[in-house]
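Here is what TrEMBL says about this protein:
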- 304-360: domain 'MIR' (DOMAIN)
- 425-481: domain 'MIR' (DOMAIN)
- 25-43: transmembrane segment (TRANSMEM)
- 112-129: transmembrane segment (TRANSMEM)
- 141-162: transmembrane segment (TRANSMEM)
- 198-225: transmembrane segment (TRANSMEM)
- 245-270: transmembrane segment (TRANSMEM)
- 553-574: transmembrane segment (TRANSMEM)
- 594-613: transmembrane segment (TRANSMEM)
- 625-644: transmembrane segment (TRANSMEM)
- 650-667: transmembrane segment (TRANSMEM)
Amino acid sequence: MTLTKTKESSMKNSTTKDSQEKDKWYRIALSVVILLTVVTRFHKVLEPDHVCWDETHFGKMGSWYINRTFFFDVHPPLGKMLIALSGKLTGYNGTYPFEKPADKYNGTNYEGMRVFCTALGAAIVPMAFETVSDLTGSVQAAFISAGYIIFDVGMITLNQYILLDPPLLFFMAASVMGMVKVSKFTQNQSFTRRWWQWLMFTGTMIACTISVKFVGLFVVLLVGFQTISDLWNVLGDLSKPIFYSIYQLAARAFALILWPIILYIFFFYIHLSVLNKSGNGDGFYSSGFQSRLIGNSLYNASMPREVAYGAIITLKNHKTGGGYLHSHFHLYPKTVGARQQQVTTYTHKDDNNKWLIKPYDRETFGKKNVTIVKNGDLVRLEHFQTRRNLHSHNEKAPITVKHFQNGTGDANDIFKILIVNGREGDPIETVSTKFKLIHYFQHCAVTSPGKQLPKWGFEQQEVSCNPNLRDKNVLWNVEDNYFEMLPNVSFHVYAPSFISRFLESHAVMLQGNAGLKPKEGEITSRPWQWPINYKGQFFSGGNFRIYLLGNPIIWWSNLVFMALFLLTYFIAAVKQQRGYEESEEIQKKEYKWRSLNAGMWLFMGWILHYLPFWAMGRVLYFHHYFPAVIFNSMLTGVMFNYLAERMPNWMKHVAIGTIFGILSYSFKLFQPLAYGFADASTESNSTMFGLRWLESWEF
């Protein structure tokens, strides 16, 4: 009995000592990681002192938030609101124009926004360290994963500027860390205060991720899969009653579904409340939406309720994000149908959006006898600036060749107005009436197919005449109505509710996202190029060049370790399925499967943040791959440590030292790409010439 107690006491002391030793190395490793992160991320954070790449967009949007000016963007608002808040708190007044890359800041307080974004990007590294440590229980694996992220010059570049990527990556990494913490504490600390804190933290972080960019949905899916796995394991624990599983399901439904939805809607409420002044994005939204914007022509507007002949009006296409019927003096080119005046839609307020509505058979209007335009009337629309009539004829449209071309000027100017679900004699009312313009001779409907015209059309939207009268894009409404002979009424009653504006905002954003096209001369890329680091992109040119490119040693070795993981996991799974028992200690077997399962979750994170881009039709850029890189780098740390654990201690230490030596040296070689260089690599005497390992690298 005495011997047994002594042995148990000895084992307990040994376990306690091992735990204390592990905690000591954990603190040392985390301290080194934080130190290296701060040094590498904040070095030259304020250089260059000019606008770099998409700072021209997101810095400008930060200014609009500070000035409360409404704008249109394809992304949800949280990231831009945080950038604006950081600028406001650090003295930026929202007056710098952010017109184009390379514009000098010239004393503008841009520093706070740069440092804020850099701090968010820096926090990714310790969170990745913590995630891998919890997944594997290995400080070494966590340290290697963190090293792969620290020494990646591309990750430094992307996280040092006023962009949406730093908040996106920060919230994504925090979501994954929270997910792993919840799974860890579910095993034996469910429903404790700590468990609830991490569960609510995870729900908050996934809400924030998707509130920065819609690609945050990918991490929501990852957290969802992990939650399903946890609930399945809970259900299989026969020591717990079935009601315990129901409680787990209810808790996660609240924290990971309902709570994120509430937060997401709340962020949009702040967004729409702050941006209450008219701006250049008004035209993307419906007439009712615009009536809530101070300074817009529809805000507290007083206009005639009904449309009369002789009124000057603007016509807005009723589809989501529809523009205004527009024309200008320029003609269609010789190669496009009849050489007549162009008719387009334009999403901004402009005098060229104004039209005079006339009866089909006369040019003069009675001053005393006002005639209201009604359902079924035949009308002509005269462009107010150029004095030419809206027109259609049997010529192919410039882009949508199955439609007829619209232009200006002759007997083909007559259109019939048909109100949707209208009765004969119903009047055309400002804002609220939806109607079609049917060409009297061609029997086609004026439509805006949503296709962009080339440079000759100033990249405005095509307008054509569609023989298919059921086309969903043929609906129009009168937005502005100028006519002195009718009394004005207030249009405040047509202002939509918050929920209506929330839903319309999403419809416009999703449509804008799907229709993103590259600007002239802009460098784009395809998903196959990303993992192999085929091509980067310039963030800054001239005498201070910044080039976004992943550290090739890190990125290429990431692919090697991913392949090794898939091979190792496949072999281990086949052996287990065939009942092959390896001659290993139980502890080693547990570590093996813990590491492989950790790798599988990280591999799933990589898949979810990479494969969907193959199915996207919108324009894509190299920086879209960086969320996937974080998962790949964490997977590399897990796999490297898994293989190193099978080596003798001396060889394991040599391997870890070697990998960090290689990472450090590769960082030293490629760090000018992140911190700035002056000369081009195409010149043989350039310091960068020897680093151009691939012809596709353009630095």
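The backbone N, Cα and C atoms fix where each Cβ goes, and this holds for glycine too.
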Range from 141-162, 198-225, 553-574, 594-613, 650-667 with the greatest count of C-beta pairs under 8 A to the transmembrane segment (625-644): 141-162
Long-range environment of the transmembrane segment (650-667) - Cβ separation under 8 angstroms, sequence gap at least 6: 40, 140, 144, 147-148, 151, 153, 551-554, 640, 644
Tertiary contacts of the transmembrane segment (245-270), as residues 6+ beyond its ends and Cβ separation under 8 Å: 76-78, 81, 186, 190-191, 196, 199-200, 202-204, 206-208, 210-211, 220, 223-224, 227, 230-231, 234-235, 498, 502, 505
Other parts of the chain folded back onto the transmembrane segment (198-225), taken as Cβ under 8 Å at six or more residues beyond its ends: 75-79, 164, 167-168, 171-172, 174-176, 178-179, 181-182, 185, 251-252, 255-257, 259-261, 263-264, 267, 509-510, 513, 601, 604-605, 608-609, 612, 624, 627
Tally of residues which DSSP labels helix, strand or coil - the domain 'MIR' (304-360): 3 helix, 29 strand, 25 coil
Tally of DSSP helical, extended and coil residues in the domain 'MIR' (425-481): 3 helix, 22 strand, 32 coil
